[in-house]
Structure formats: C-alpha cells, structure tokens
Amino acid sequence: MEVKTYAFLQIAVFIFLGMQIFASLTDAADDDNELFTVQYCGMNCTKDEGGTWTGCTGKKEGCKCYHESGKNYGLCLSTEYTDFSQYGNPSDSEIEAAKPKRSDTLSH
C-alpha cells in the first residue's frame with residue numbers, strides 16, 4: 001500500500017513538472033517582441049578544391065553562405081534579428097500625433 005502511494009505521488013509530480021515545462025516552452029516560443037527573419041539571396045555557394053567557399057554576392061547586403069557539415073554546397077542567406085522590446089509602447093496620443101494631417105482647403 002505504501003509503495004503504491006509513493007509511486008502515485010511520483011507520477012503525479014512527474015506529470016505536473018512536464019506540464020510546467022511544456023507551458024514555459026510554448027510561452028517563450030510565442031514571444032511577439034522578437035522577430036528573426038531569413039531571406040534567400042538568390043544564389044547558392046560551393047566549396048572549391050582548395051577548401052574555400054565562394055562568396056555570396058547577391059542583391060541584398062549581408063548575405064552569407066550557410067551549409068550543412070560535410071556538404072560541398074550551401075545557400076546564400078540573409079538573416080536579421082529584431083528585438084521590439086527595446087522600443088516603447090506608443091500611447092494613443094503618440095499615434096494621433098503621428099497621423100498625417102488632413103488638409104481642409106480645397107484646391108482649384
């Protein structure tokens with residue numbers, strides 16, 4: 001009887017901890033204050049016989065070659081990370097002040 005109670009409590013604690021970990025991971029994944037973007041630069045990169053990678057000279061600045069370990073080819077990608085939490089939340093008065101003003105005069 002004592003062993004069954006102890007086993008039941010262990011299982012209950014394990015389930016509780018699992019739910020807490022799941023909840024914290026999904027909450028962190030849904031953070032709307034962070035944005036990570038990846039864009040394809042329109043070209044691929046290759047590794048030559050000397051072991052150096054071809055440069056990524058695409059339309060966009062900041063293109064880098066990303067490749068899997070052991071592969072001789074990769075993709076030229078541009079990555080950008082934006083943390084919106086560094087910007088304050090605009091108040092309604094700031095939004096009103098930033099709106100374009102409507103001209104009430106009529107042009108002929």
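Glycine too: its Cβ is placed from the backbone N, Cα and C atoms.
According to Swiss-Prot, the protein has these features:
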SIGNAL    1-28  signal peptide
DISULFID  CYS41-CYS63  disulfide bond
CARBOHYD  ASN44  N-linked glycosylation site
DISULFID  CYS45-CYS65  disulfide bond
DISULFID  CYS56-CYS76  disulfide bond
REGION    89-108  region 'Disordered'
COMPBIAS  96-108  compositional bias 'Basic and acidic residues'
Inset, instruction - Please report how many Å separate the Cα atom of CYS76 (disulfide bond) from that of CYS65 (disulfide bond), as a whole number. - result: 5
Inset, instruction - Between the Cα atoms of CYS45 (disulfide bond) and CYS63 (disulfide bond), find the distance and write it as a whole number of Å. - result: 11
Inset, instruction - In whole Å, note down how far the CA of CYS63 (disulfide bond) lies from the CA of CYS56 (disulfide bond). - result: 6
Inset, instruction - Across all the protein chains here, work out how many other Cβ atoms are within 10 Å of the Cβ of the residue listed as 'N-linked glycosylation site'. - result: 14
Legend entry - Coarse DSSP state, helix versus strand versus coil, of CYS56 (disulfide bond): coil
Inset, instruction - Measure from the Cβ of CYS56 (disulfide bond) and count the other Cβ atoms within 10 Å, all protein chains considered. - result: 21
Inset, instruction - Would you mind checking how many other C-beta atoms are within 10 angstroms of the C-beta on CYS76 (disulfide bond)? - result: 21
